[in-house]
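Colleague: TrEMBL lists these features:
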type     : residues  : note
DISULFID : C623-C677 : disulfide bond
DOMAIN   : 348-412   : domain 'Ionotropic glutamate receptor L-glutamate and glycine-binding'
REGION   : 739-759   : region 'Disordered'
TRANSMEM : 464-484   : transmembrane segment
TRANSMEM : 551-573   : transmembrane segment
TRANSMEM : 696-716   : transmembrane segment
Amino acid sequence: MLGAVTPDSFDTLHSYTNTFQVPFVTPWFPEKVIPPTSGLIDYAISLKPDYHRAVIDTITFYGWKTIIYIYDSHDGLLRLQQLYQSLQPGMATFRITNVKRVSNAIEVVTFLGSLERLDRWSNKYVVLDCGTKLAKDTLILHVRDVQLGRRNYHYFLTGLVLDDRWEKEVSEYGAINITGFRLLDFSRKVVQNFIEVWRRDSISAQAALMYDAAQVLVDSILRMLRKKPDFLRSNMRRNNFANNSKAIDCNPTNKISPYEYGERISKIIKRTELDGLTGLIRFTETGHRRNFTLQLIEMTVNREMIKIGTWYDDRGLIPVKTKLPGLKELGFYDRNKVYIMSTIAEDPYVIINNEYTDQSSKFTGFCVDLAYLVLEKLEIKFEIRLVKDRKYGAINTKLPSGWDGLVGELVRKEADLAIAPLTVTLEREGVIDFSKPFLSFDVKSKSNTPFSTTFSFFQPLSKEIWLCIIGSFFGVSFCLFLVSRFSPNEWRVMSFTDSHTTENNEVATTKTTVVNEFNLWNSMWFSLGSFMQQGSDIAPRSISGRIVGSVWCFFALVVVSTYTANMASYLTITRINEPLHAYSKVTNCPEDQVPKYIEEPDDTWMGFLSTQSFLGEEKKKPCEMLVSVTQSGIKDFAVAFPKGSKLRDGVNLALQALRDSGELQALVRKWFIDTKCAVDHEVHGTSLSLNQFAGLFYILVAGLGMALTIALLEFIQHGRSEAVRANISLRKALRDNASRNARLNQETPPREQREETDQMDWNGGGFAGYYASGQSGVQEETALHGSFTQV
């Protein structure tokens with residue numbers, strides 16, 4: 001059974017479903033449903049959550065002490081009864097002063113008017129438990145009634161009516177305080193997808209619950225079918241056989257025959273876990289909803305609904321945190337009180353002046369000047385005191401507060417605030433409060449050295465980039481060598497005259513050979529000349545070779561330009577205002593950042609092994625740090641307060657004002673930057689990393705790959721033409737050409753020119769070397785494009 005029934009007829013249907021063991025899925029139960037007294041299974045399942053506890057939590061959240069309860073149905077009366085039962089004597093946070101059952105909006109306004117005549121000026125909080133239409137009519141009549149107030153009334157709509165559509169053009173809704181629950185969370189993807197298909201901007205809570213009820217039933221039946229696929233078929237055959245009777249007797253004289261799968265389906269439904277419109281759907285053993293949420297909504301003066309919190313059935317009401325917490329308490333600290341500021345002696349933060357004339361000149365330093373700037377903006381008086389045990393603060397179980405140092409004084413509230421080089425840590429934030437950071441620092445990088453070494457011209461580029469450039473040079477040279485060997489356009493026929501003297505006369509012989517200028521050494525020379533932007537006396541003639549040269553020239557252009565620009569940033573060091581720097585000064589780490597040594601045990605033999613003298617350690621400050629007020633570093637310094645201090649918000653605003661006006665940066669320049677220095681040697685460029693050059697190497701690799709592909713296509717195309725000319729197979733032609741290319745660097749003596757016409761292979765057969773340097777009369781005859789005829 002699936003559907004919604006009225007509270008009056010629910011008990012009858014509930015009895016029938018339990019008797020015949022038929023699962024009954026309904027969008028909502030009446031507020032008070034008595035489970036079967038026989039201890040049998042309850043076959044009714046409700047999708048509507050039991051949220052009377054949410055009503056109590058919301059009233060407590062607003063701090064209402066007295067409420068007026070108005071309802072319009074038997075369901076509302078049952079909810080009122082549960083409210084009374086939840087308010088335990090002596091522990092109730094509010095009282096229900098007036099209760100009224102109404103049937104229309106006029107009765108509501110009339111009842112409130114009678115209360116208004118008794119007490120006109122007090123705030124009135126009305127809990128209105130009714131449907132959407134009655135709630136809308138009541139609010140409109142209330143605003144239009146001149147006898148009723150507006151500002152002193154706050155309506156709390158508990159009937160899940162804010163899921164319905166509330167017309168923004170009705171100005172009365174924004175004229176009075178309205179709060180209520182919404183069942184649907186429109187930030188969830190499931191709800192957004194449904195609204196998009198629904199093509200409306202809202203859906204009522206009743207309709208959403210009915211939709212989820214159908215989804216639960218469908219999901220349960222499908223899971224039942226997966227476990228027992230034939231249970232519906234056997235049930236249909238029995239029904240067809242029994243359809244001879246005209247009616248079903250609900251009061252049989254014989255033994256009642258319950259539905260044989262009812263108990264199993266009911267258990268499957270109660271084990272449902274489904275993400276529905278109304279949230280996560282889960283049930284208890286009694287068929288009630290659990291692990292659900294409600295959205296607490298307020299209506300603004302513009303008739304917009306704003307979420308102010310979420311109510312969970314297991315955690316209660318969780319309000320939405322405001323963006324600026326605690327601003328309402330600004331200015332409520334005591335300006336007549338003398339506040340105790342605790343600090344610690346640490347150069348240059350706090351320096352003790354032994355020759356002071358008055359109390360104000362006893363301490364100097366960065367933190368002292370900062371304290372005067374901040375606390376004077378708050379217009380409060382303060383006294384600076386050094387921490388008694390001269391420690392920053394660490395966990396110490398021997399002390400009552402559990403902490404020593406500055407943190408311990410704040411925990412014990414012996415000081416009102418602490419302005420010192422105190423680092424913000426997770427453990428400290430658990431026991432004290434911190435302001436916004438007034439100083440950030442990072443450990444000094446060892447690679448961040450001045451530009452003054454012997455090979456400093458390598459620093460604009462990282463080591464990885466230099467290694468990749470060298471590898472690219474050899475890779476491009478070898479690629480150019482390969483494509484030149486396999487491309488027929490790089491081979492040329494050269495004719496030269498060789499003269500020699502015999503016994504009678506001088507004989508001149510004309511010889512011809514096939515040459516390729518791009519051997520391995522010439523390829524490397526071409527790559528080097530292109531990278532240095534000086535050119536070379538040889539140039540590639542084939543398409544693949546020109547692609548290699550073009551990509552390599554583009555690569556060299558980008559590398560040289562980038563190197564030149566970064567070299568200029570290294571050599572050009574100018575003084576810039578500190579707010580533009582990431583870090584302004586290198587200084588020693590305070591004692592709070594020095595690694596703590598193991599304390600010597602009191603009465604154990606391990607004390608001998610752990611003493612600092614035995615280990616040869618000395619208490620030093622081994623690290624340096626870079627401080628900044630503009631960017632966050634690894635650690636932060638902040639002003640510390642006891643938990644819940646009202647000074648925190650004022651100090652935060654004062655620090656922000658100092659940062660905006662530049663006074664905080666002036667303090668950094670005063671205490672951390674040497675004004676005698678003409679040049680800030682810490683300001684210089686950084687080496688470019690491989691990640692910044694990765695795209696350029698990708699382009700180079702892609703160009704080389706394309707060149708190799710084109711060279712291979714040229715090699716195959718020429719092999720095909722040679723196979724056709726010589727009437728041999730393509731495989732044999734390619735194998736012969738490859739074997740000749742393997743002997744490309746072997747020099748053979750040139751042959752004398754013969755008179756008859758002779759066909760020569762494209763790579764010249766045996767003519768694979770250069771002519772001798774002593775030979776004269778050389779002349780280039782033609783470029784070779786396949787085969788040629790000797791003349």
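Heads up, the Cβ atoms here are built off N, Cα and C, so glycines get one too.
Those TrEMBL annotations? Automatic predictions, nothing curated.
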Colleague: Residues sitting near the transmembrane segment (696-716): Cβ under 8 Å, six or more positions beyond its termini, same chain?
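Modeller: Same-chain contacts beyond the flanks: 468, 472, 475-476, 479, 482-483, 486-489, 542-545, 547-548, 550-552, 554-555, 558-559, 734, 737.
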Colleague: Please compute the mean pLDDT of the model over the domain 'Ionotropic glutamate receptor L-glutamate and glycine-binding' (348-412).
Modeller: 85
Colleague: Tally of helix, strand and coil residues over the domain 'Ionotropic glutamate receptor L-glutamate and glycine-binding' (348-412) according to DSSP?
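Modeller: Counts, helix then strand then coil: 22 helix, 13 strand, 30 coil.
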